[in-house]
Amino acid sequence: MAIVEIVKTNETKPTVTGTVQNIFYESPDNFFKILLVKVAHQTIDWHETEIVVTGSFGDIKEDERYTFYGKVVTHPKYGKQFQADNYQVDQPTTKAGLVAYLSGEKFTRIGQKTAEKIVDALGIDAIDKILDDPTVLAPLGLNAKKQAQLVETLTINNGMEQIIIGLNNYGFGSSMAYNIYQTYHEDTLKVIQENPYQLVADIAGIGFKRADNLAETLGFAADSAVRVQGALMQALNELTNQAGDTYTQAKPLLAASIELMEKARNVAIDPNLVAEQLMALAHDGKVVGDENRIYPNGLFNAEWQIANHLMRIENERDQLSYPKHDLDQEIRHLEKRFKMTYDDVQQEAIKLAMTHRTFLLTGGPGTGKTTIINGIVTLYAELNGLSLDISEYKDTPFPILLAAPTGRAAKRMSETTGLPASTIHRLLGITGRENNPDVSGNKELEGGLLIIDEMSMVDTYLFRSLLRAVPSHMQVVLVGDKDQLPSVGAGQVFFDLLQSNVIPAVELQRIYRQDDQSTIIPLAHEINQGQLPADLLKPQKDRSFIQCNPYQIESVIEQIVTKAKARGFETKDIQVLAPMYKGAAGIDQLNPMIQNIMNPKLDDRKKQVSIGNVHYRIGDKVLHLVNSPEQNVFNGEIGQITGITYAKKSVDKVDEITIAFDSTEVTYKRSEWHKITLAYCTSIHKAQGSEFEMVILPLVNQYQRMLKRNLLYTAVTRAKSLLILVGEPSAFQKAAHELSANRQTTLKERIKSVFTGEQLTPAIKTASVGQNEAHPVAQPVSPSTPSVAVDETIQEAPVSYVLTPTLLARQSVDPMIGMTEVTPYDFMPKTK
Ligand SMILES: Nc1ncnc2c1ncn2[C@@H]1O[C@H](COP(=O)(O)OP(=O)(O)OP(=O)(O)O)[C@@H](O)[C@H]1O
């Protein structure tokens, strides 16, 4: 449908029709191509036999004829070319031509007679008619093989081109068209025409507004069900992602959805209609309502799955007892070996870790977390008769698995234990599918003990994936600092695990790393108590405070960094941490300033590539912004640019940057540079899990909303040797004072419910094992739910929580899911 309209719009455009002689260039990342075309006819002022045509094309073939629509442009270097914004395979326009085409070499099973029959019956539009609806061939009596080949060949030849043309006409450029096509393939146009809002969920970089523009041109009314549902899904994801919550409530959800819709088109939306569509989404299982909470389906399931997997591990029949060993005695041996005395809490931690399937260890900096990890590993090996010499495990996997959420944290873990440690993604073999956090590896881990460090950074989806891979006999020790910022992704898993009070846990509070006269660690602990020391503004051996207003911050930091560089500090040693991107003291302002000190462009010989206002040079410190498990680089990792290849020298003829990270080196083409940014100054969130010799921390009252205790605490604990606080003392006071609000999650309740069998869990049964499930899952079921093999999502979620019309009726769940306190007046269209 849309294609026909599209072609019509081309009628007035300049055209070039001709045969592709040569494909000069094909972008490896998108559909951009440069073609040499032998001109058959054209409607432009052109007197040569050949012309260079550029544009984004699907599967262009040499020696085939196409019609290109676009305009003549003058390239600064290569002169005049035809820039096509649209094209189509040049289909025969006469009956005879069409018969010749259909009986030609492409259609080996179709002879002259059959071709004539087709054209006689279907006319000159035969190809479009067949592509639109292959059943038009039915009355012609072609045998099945002939018919199949005809449709298949026509589809291959026309399909991709039509899609790319369609996408271009919908206003998507080469890269975006490529991403969209890669996601939906031959269904691309169908998906878009049926529900343009699907793009928002599936394609990074397409927001509601963009999808809505498209929907409007496709004729979707402002109050169409598809639009309202699209807005609801977008608002739900925004509300949960931005705040890190796993659910929201009806009131903010409806308000945000209505705002999205009314901003995109100036049409008032009836709140009742939105409420109706929310119910429809619940019926389709895309959102889940539970009491007054509304969850994206994936997060709702993930919380239950975590609880169920923990229960599965807990229920393992094999007892963890060591009758031949006296644990107190063993701890004395450890003390001798490590030449230290564990305090009572530390001893308790080691014992609990040895005797329980799952154990949680939390503590601030310098309280002995690493010390206890080492104790646990050593004692575990001792009790199980294992060697800790990895060279003895050539053919068998090492039985103790150590992992952390980031490469940096994993590297530190490996250094402090002397054993191999990896990222959790690597351990699980997850191959990055950023757009679908629901996807995880199917691997089952091998080994007896798993220790995860920096647990506060692990989000709901990652933890669910991790637990899914843990076999029931494995012991799991989760270590972190509960007072640090929670994960970037949704949830506050470590905090909720601790709060559930059903998993053995120990909090280490005594600080041991004070002997070296560090004042940074005591400062961190004071902040954690909501206080600041009386000597905050007085220079100490390892920290200082420079008072200034927001507009002086840049110049103060400039002076500090210049001095630090003169004293021999290297780029990797100095880290500026700022809470926000914008503003006079924001990350965007500070980064180029520090870059110019640490890595200036002294002359034209120094290679530099630019994207927008950001310049990259060899030696620059850069931050990785997304998870790329396939390259073993993760969100928040810092690397250094080790190479720049200009387009003319690169194989693919695009600018490239090579970056060395801790555990790997990657090369990014220009189209992938959105994955990185300068890292001289980063956000505190991005610095989680990393430590730096010198941290410079600017805080001013302008940051208001951000001034929270866990933010200040996390920032301060990133400093290993030197901490320079810059800004307004009152901002530091406010931050230390303000407890951050907990995220809205229900993991704690899910765990309690599954472990205590309260609420909706009258029975724990072992569910039938689905294909994806490597091990049985303890599953809470409703009494009336039959025990049948169901797909994994349902299997792991308590069925009675999934809103279906029958369940709604049976359980008399309020159909207004969570809207009990909300009246339509809350959403009355605002006066414009
Ligand atoms: N019981 C103890 N007696 C003496 N020293 C101890 C004891 N426990 C820990 N320490 C020492 O305290 C210091 C800090 O311990 P450790 O590195 O284990 O803490 P941490 O909690 O892992 O710190 P961070 O989170 O900052 O890495 C180390 O030098 C360690 O040897």
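Heads up, the Cβ atoms here are built off N, Cα and C, so glycines get one too.
These features come from TrEMBL:
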type    : residues                     : note
DOMAIN  : 355-516                      : domain 'AAA+ ATPase'
BINDING : G366, T367, G368, K369, T370 : ATP binding site
DSSP-derived class (H/G/I helix, E/B strand, else coil) of K369 (ATP binding site):
helix
Across all the protein chains here, work out how many other Cβ atoms are within 10 Å of the Cβ of G366 (ATP binding site).
23
Are there any residues at least 6 positions away along the chain from K369 (ATP binding site) with a Cβ closer than 8 Å to its Cβ? List them or say none.
L361, G363, D453, V479, D481, L508
By a simple count of other Cβ atoms within 10 Å, which of T367, T370, the binding-site residues in the record, is least packed?
T370
What count of other C-beta atoms do you get within 10 angstroms of the C-beta of G368 (ATP binding site), across all chains shown?
22
